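Chemist: Quick one: this structure, given as structure tokens, is what I'll be asking you about.
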Protein chains: 2
Amino acid sequence: MARSVLSHPRDKERLLDELERDVMSTLTELASYGADKAGGVTRLLYTEEWLAAQRALAAKMSGCGLEAEFDEVGNLFGRLQGEDAEAPAILTGSHIDTVVQGGMYDGAYGIAAGLAAVAHLKRNFGRPKRALEVVSLCEEEGSRFPMAYWGSGSIVGKRDFEQIAGLRDARGVAFSDAMTGCGFGESAGRRRSLRSVIGAFVEAHIEQGAVLETEGACIGVVEAIAGQRRLQFEVTGEANHAGTTPMRLRRDALEGASAMMQALRREALRRGDPLVATVGRLQVQPNVPNVVPGKVSFTVDARHVDGQLLARFCEWVKRTFERMADERGLRIEGRTWFREEPVPMDAGLTRQLEEACGDLAVSARRMASGAGHDAQMFAHRCRTAMLFVPSRRGISHSPEEYTEPRELAAGALVLTELLYRIGYGEERLS
Amino acid sequence: MARSVLSHPRDKERLLDELERDVMSTLTELASYGADKAGGVTRLLYTEEWLAAQRALAAKMSGCGLEAEFDEVGNLFGRLQGEDAEAPAILTGSHIDTVVQGGMYDGAYGIAAGLAAVAHLKRNFGRPKRALEVVSLCEEEGSRFPMAYWGSGSIVGKRDFEQIAGLRDARGVAFSDAMTGCGFGESAGRRRSLRSVIGAFVEAHIEQGAVLETEGACIGVVEAIAGQRRLQFEVTGEANHAGTTPMRLRRDALEGASAMMQALRREALRRGDPLVATVGRLQVQPNVPNVVPGKVSFTVDARHVDGQLLARFCEWVKRTFERMADERGLRIEGRTWFREEPVPMDAGLTRQLEEACGDLAVSARRMASGAGHDAQMFAHRCRTAMLFVPSRRGISHSPEEYTEPRELAAGALVLTELLYRIGYGEERLS
């Protein structure tokens, strides 16, 4: 076997052209399912648009010579059989669902890049050593029902039908009714979503941040998906007349909260990347111009790839906020209402991904993913790697989401190379 | 005439007992009109409770031998005729209306103290040199209709029927219909509210702040009613993913706003009393835990008794906020949407008020009023003075509003002394 999909560096631009054309074709087609007038895409799980998009993809997979098959929850697999039918398969892909008024790249890009890569490999190198499968995961965002990672979670056994019992969307439609309405569900007679033989999962995704753009790098090599903690604080002072209460006699809950927000930012900057800490939601009571605020509640969203450092930072936050409240004669209550541990990517596969970038002369940068992805579900079960392409101005979950076609192609090129190396090479995956 | 209402210092406690009994009797009776289950009082302009309270007061005035009369807007006057029928009258009182779920002292105390004082003077000293009138002003708070100082403003010619045309309350009732429904209005045939012969106005009121309580003083001698400016700021950054946007790449509108709030407080403390500056209302967009805030709007309420210092402070605020926004890559827009100039009290009358406190051995402190009062309307037209009694914990506009009965009596004692000196003495008022 040749060392690379490129037999000579001069082939690179031609391959990029091909991949760009294929990726854009799939993305453009997918964007037509659930397109809204504002230029956005809304494709929620088990809706008409969602089903139409999955069916169009299945047709496209078949057109590329892949065996297209849905599982019982609606994940779509496009399989290129390997020489060793027993060998664990290599999966690549991402999710087909979007948020409400999302863009055309989040999720869809990983599917489009995977399909372009596997189709290219099939055309040029024929049957791989072990099966390659492009997967269009049915759901990741949790935008229709209060349940995220339904697609990848079902595959790896982290989600099951019991968990969706009783769940309804905003209109009152039951999760199970929506699912069976699309021809899926426990009794649909399709293959079980929980598959025993997955050797690896590789996900391509837009960054959803501005690090690659800012640093001028093409590819983000994801080392780990950050852990998250979400905390809720309530600061209580005393609501008072804004005219008759001298500054030094105030117990102003908003003044206290603003000092805490400043301290939070300073400390997050001091501890440095990849730690991030955000006050995203804040509410003031009574919230009228001429009354000193008596109560403020706000959230802190903190993320880090190192679970211990994240826990230590959150301890610091609680301790510091309590001290600051105390100094001001304010009361404070804090609680952690959401907690997700960091998920490291597979070290060996990540190194291979990085090497592929180097060999292809595509600029790359190791980084953490601050957002959650399907890759974090697969990582519990098989060797998993993830690559990012740049997001213009870091925008995602918005019709303004955008990545240059050439950047999309570069991501697909790296993916093609990695799939070639692990799909056609001798190395055993598990 | 004797120099003081107290012929001997040993009479002080007995007079305080009498005044306390009278003030508490009026306050308790008034609190029954509009009482709610939570222990608060809601007595809005031209409601049934309001009319019942004014009628009860009129009866009480008559019982004290005063001539009770309503004017065309519903202000109630209880007149003790003076020897010189042509001499300008001396008015004392405050407003009968409350905010929604207010307390039993705000406004009502000034009426109760005035009635107790004039009744005592009549009983003990008979007819004064010039008329003394207790006035129960119909409205000050602006809680039912978008119009404040309707009572005092009508008397001094700052309010008229044209200004209320089209005004409606929250239920859609027209101001003029509510007024005529209570038997008042332009064609009601009552005396004109605009009176030509007012020599002085003295208002007793609860402080609504905690300065007197904190400093252990009985009486606040008001030097001026503070001017107010209300500013509105809108800070715009960029809404971004809380997980994927490193701290140093953020343009976080809430971080900017919190830094501005900290700077505002530091500067207000540095410039010192009586300057106050408050951020009372603040709103965040999109206000969700996992998104870096893209937009924050907030108000600044600034007050000072010196109009020039107030203007200079507001200039500082705008300039500083603009610089801070600039440093952070944020946009900011600010505008002043409310402006009221400071109103000084009459220097001579205020000095007499202070002397009365000294002669009666009642502890007093000169201070500014950070809140607006009817006195600021009268000050445009006649010599005006104002005194405060302590508010427990500075609370007002709440069922928790409270002043010790003995403190209420001390205020009434000082008021009695001042009215005695200017009502029975030789000095001409205007």
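Heads up, the Cβ atoms here are built off N, Cα and C, so glycines get one too.
Source: prediction; values computed, not measured.
Take a look at what TrEMBL says about it:
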BINDING   A:His95, A:Asp106, A:His205  Zn(2+) 1 binding site
BINDING   A:Asp106, A:Glu141, A:His397  Zn(2+) 2 binding site
BINDING   A:Arg230, A:Asn290, A:Arg303  allantoate binding site
DOMAIN    A:229-322  domain 'Peptidase M20 dimerisation'
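I'd like to know what surrounds each of these features in this structure.
Modeler: Under DSSP, A:His205 (Zn(2+) 1 binding site) is assigned to a strand (E or B) in the three-state scheme.
Sequence-distant contacts of A:Asp106 (Zn(2+) 1 binding site), defined as residues of its own chain at least six apart whose C-beta falls under 8 angstroms from its C-beta, comprise A:Thr98, A:Val99, A:His205, A:Ile206, A:Gln208, A:Ser396, A:His397, A:Glu401.
Remark: A:Asn290 (allantoate binding site) has A:His241, A:Ala242, A:Gly243 as non-local neighbours, by Cβ distance under 8 Å and separation of at least 6 in sequence.
Summarised by DSSP class, the composition of the domain 'Peptidase M20 dimerisation' (A:229-322) is 38 helix, 29 strand, 27 coil.
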Chemist: So if I measure Cβ to Cβ from A:Glu141 (Zn(2+) 2 binding site) and keep only same-chain residues at least 6 apart in sequence, which ones fall under 8 Å?
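Modeler: Listed in sequence order, they are A:His95, A:Asp97, A:Thr98, A:Val99, A:Gly102, A:Gly107, A:Ala148.
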Chemist: Go through the binding-site residues A:His95, A:Asp106, A:Glu141, A:His205, A:Arg230, A:Asn290 for me and flag any whose C-beta is under 8 angstroms from a C-beta on chain B.
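Modeler: The answer, in sequence order, is A:Arg230, A:Asn290.
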Chemist: Which residues, same chain and not among A:Asp106, A:Glu141, A:His397, have a CB within 8 angstroms of the centroid of the CB atoms at the recorded Zn(2+) 2 site?
Modeler: A:Thr98, A:Val99, A:Gly102, A:Gly103, A:Gly107, A:Ser143, A:Ser396
Chemist: How many other Cβ atoms sit within 10 Å of the Cβ of A:His95 (Zn(2+) 1 binding site)?
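Modeler: So the number of other Cβ atoms within 10 Å of A:His95 (Zn(2+) 1 binding site) is 29.
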Chemist: According to DSSP, does A:His95 (Zn(2+) 1 binding site) sit in a helix, a strand, or coil?
Modeler: strand
Chemist: Looking at allantoate and its recorded binding residues A:Arg230, A:Asn290, A:Arg303, figure out the farthest C-alpha pair and report it in angstrom, whole number.
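Modeler: Taking every pair among A:Arg230, A:Asn290, A:Arg303, the longest Cα gap is 37 Å.
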Chemist: Quick one: which residues besides A:His95, A:Asp106, A:His205 have a Cβ within 8 Å of the Zn(2+) 1 site's Cβ centroid, in sequence order?
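Modeler: For the Zn(2+) 1 site the neighbour list reads A:Ser94, A:Tyr105, A:Gly107, A:Ala108, A:Tyr109, A:Gly110, A:Glu140, A:Ile206, A:His373, A:Asp374.
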Chemist: Which of A:Arg230, A:Arg303 has the fewest nearby Cβ atoms, counting only those within 10 Å, among these binding-site residues?
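Modeler: Checked A:Arg230, A:Arg303; of these binding-site residues, fewest Cβ neighbours within 10 Å: A:Arg230.
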Chemist: Tell me, roughly as an integer, the mean pLDDT over the domain 'Peptidase M20 dimerisation' (A:229-322).
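Modeler: Mean per-residue confidence for the domain 'Peptidase M20 dimerisation' (A:229-322): 96 out of 100.
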